[in-house]
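Everything below concerns the one structure shown next.
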Amino acid sequence: MSFVPGQENAGSRSSSVNRAGNGILKKTTWADQTERGPNNQNRGRRNQPKQTATTQPNSGSVVPHYSWFSGITQFQKGKEFQFAQGQGVPIANGIPASEQKGYWYRHNRRSFKTPDGQQKQLLPRWYFYYLGTGPHAGAEYGDDIDGVVWVASQQADTKTTADIVERDPSSHEAIPTRFAPGTVLPQGFYVEGSGRSAPASRSGSRSQSRGPNNRARSSSNQRQPASTVKPDMAEEIAALVLAKLGKDAGQPKQVTKQSAKEVRQKILNKPRQKRTPNKQCPVQQCFGKRGPNQNFGGSEMLKLGTSDPQFPILAELAPTPSAFFFGSKLELVKKNSGGADDPTKDVYELQYSGAIRFDSTLPGFETIMKVLNENLDAYQDQAGGADVVSPKPQRKRGTKQKALKGEVDNVSVAKPKSSVQRNVSRELTPEDRSLLAQILDDGVVPDGLEDDSNV
């Protein structure tokens with residue numbers, strides 16, 4: 001007995017099917033009303049079956065076979081179409097797990113001309129065919145064929161063909177593709193009819209122009225079972241929504257002084273054991289200064305809190321709530337009553353002590369040890385360093401100018417000597433003596449030496 005996807009048995013379908021003239025049970029769908037409307041608007045021409053991408057003319061490689069399921073269209077370039085083992089077979093009523101085997105066929109769609117005259121190729125669309133049907137009906141499961149991706153369920157016997165009848169488009173509409181829970185749809189692809197299908201939106205607009213009765217009937221028949229697989233488009237949709245609102249999803253939110261103050265106050269309003277320190281509310285504001293009883297945290301980690309890049313690996317060592325209560329020594333201690341503002345309030349402390357044991361086989365062991373050694377009792381090093389380093393003296397305005405002025409005042413400046421004094425105090429060099437002897441031999445006394453002869 002051959003199986004028909006979407007049909008469990010003829011007896012269980014009374015109100016949702018119409019009997020055609022040839023005795024074939026035909027399902028009345030929203031597509032029947034939109035594509036083959038009852039108003040007979042084709043002016044006497046024969047009703048044509050709804051064309052799919054596999055039968056459209058001038059659409060690349062024409063496939064003369066109808067798939068039982070709607071296609072999966074690629075919308076991002078460079079993405080690979082593949083499924084994990086045991087996944088990828090569309091589910092349909094009436095098809096047992098043993099027959100869930102087949103292949104996805106790549107249909108190369110047509111190209112179109114852009115306004116600037118360039119040819120642009122549409123990204124391909126994939127259609128599913130059961131093993132032994134479709135354009136590669138004679139191929140065996142796993143054959144290396146370009147544009148074919150083989151899929152099968154874990155219970156299917158891939159050595160035999162699937163006992164599935166070919167789809168007659170005049171009797172059966174294509175079933176919206178949906179997968180078993182847990183199936184991961186390839187990234188960069190979407191299921192036709194899952195919300196991004198242009199033909200669906202155009203058909204919906206046509207149905208709205210046919211009066212209120214047809215609109216109501218069309219909307220009721222339009223309810224198709226949605227695919228259980230959600231394409232990886234959450235980031236894209238969020239970015240589009242934010243762009244519509246005038247916000248940029250790629251830019252981080254700017255933190256102002258007012259917002260930082262609000263974040264800090266919100267953290268401090270929580271109970272002490274529920275606080276999470278960060279850049280806006282550092283560790284010491286949440287839990288107090290470091291000391292013998294709170295001895296963890298270096299300068300960088302105290303400033304960043306849980307925003308420190310090293311903190312996540314330390315969080316792996318933190319106990320769970322159950323480990324805290326059942327793996328620690330707990331003691332309930334009553335402290336002094338509340339302060340003057342609330343003297344009737346009783347204050348208790350749940351004191352605890354325990355240990356976290358790990359060894360060198362723990363992933364990231366060396367990094368954990370390094371971070372622990374840097375942050376345990378780090379307050380001691382910080383305190384010691386503060387005592388050793390002397391504070392930087394503050395510069396007083398005008399000190400340097402006054403010092404320079406004092407140095408100038410302390411310098412004694414001698415009065416310049418006359419030309420006679422300079423000549424008397426100066427010793428004659430051998431060159432001077434030879435020149436002077438030559439002058440005296442000539443009998444010419446130079447000006448300025450007449451009076452100096454007596455000196």
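Quick reminder: no glycine exception, Cβ is built from N, Cα and C everywhere.
Annotated features, as they stand in Swiss-Prot:
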BINDING   ARG109, ARG125, ARG167  RNA binding site
COMPBIAS  9-19  compositional bias 'Polar residues'
COMPBIAS  50-61  compositional bias 'Polar residues'
COMPBIAS  193-212  compositional bias 'Low complexity'
COMPBIAS  215-227  compositional bias 'Polar residues'
COMPBIAS  393-403  compositional bias 'Basic residues'
DOMAIN    64-193  domain 'CoV N NTD'
DOMAIN    260-383  domain 'CoV N CTD'
MOD_RES   SER170  phosphoserine
MOD_RES   THR177  phosphothreonine
MOD_RES   SER194  phosphoserine
MOD_RES   SER390  phosphoserine
MOD_RES   SER425  phosphoserine
MOD_RES   THR429  phosphothreonine
REGION    1-62  region 'Disordered'
REGION    56-197  region 'RNA-binding'
REGION    159-230  region 'Disordered'
REGION    267-384  region 'Dimerization'
REGION    271-292  region 'Disordered'
REGION    384-428  region 'Disordered'
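Taking the features listed in Swiss-Prot, we show where each one sits on the structure.
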residue : record           : Cβ within 10 Å
ARG109  : RNA binding site : 19
ARG125  : RNA binding site : 22
ARG167  : RNA binding site : 22
SER170  : phosphoserine    : 15
THR177  : phosphothreonine : 24
THR429  : phosphothreonine : 9
Cα-nearest neighbour of ARG125 (RNA binding site) within the listed modified residues, SER170, THR177, THR429: THR177
Residues in the region 'Dimerization' (267-384) grouped by DSSP into helix, strand and remaining coil: 48 helix, 14 strand, 56 coil
Residue distribution over DSSP helix, strand and coil in the region 'RNA-binding' (56-197): 6 helix, 33 strand, 103 coil
Cα-to-Cα gap, THR177 (phosphothreonine) vs ARG167 (RNA binding site), nearest whole Å: 15
Top Cα neighbour of THR429 (phosphothreonine) in the set of recorded positions ARG109, ARG167, SER170: ARG109
Site extent for RNA (largest Cα pair distance over ARG109, ARG125, ARG167, Å): 22
Confidence summary for the region 'Dimerization' (267-384), mean pLDDT rounded: 86
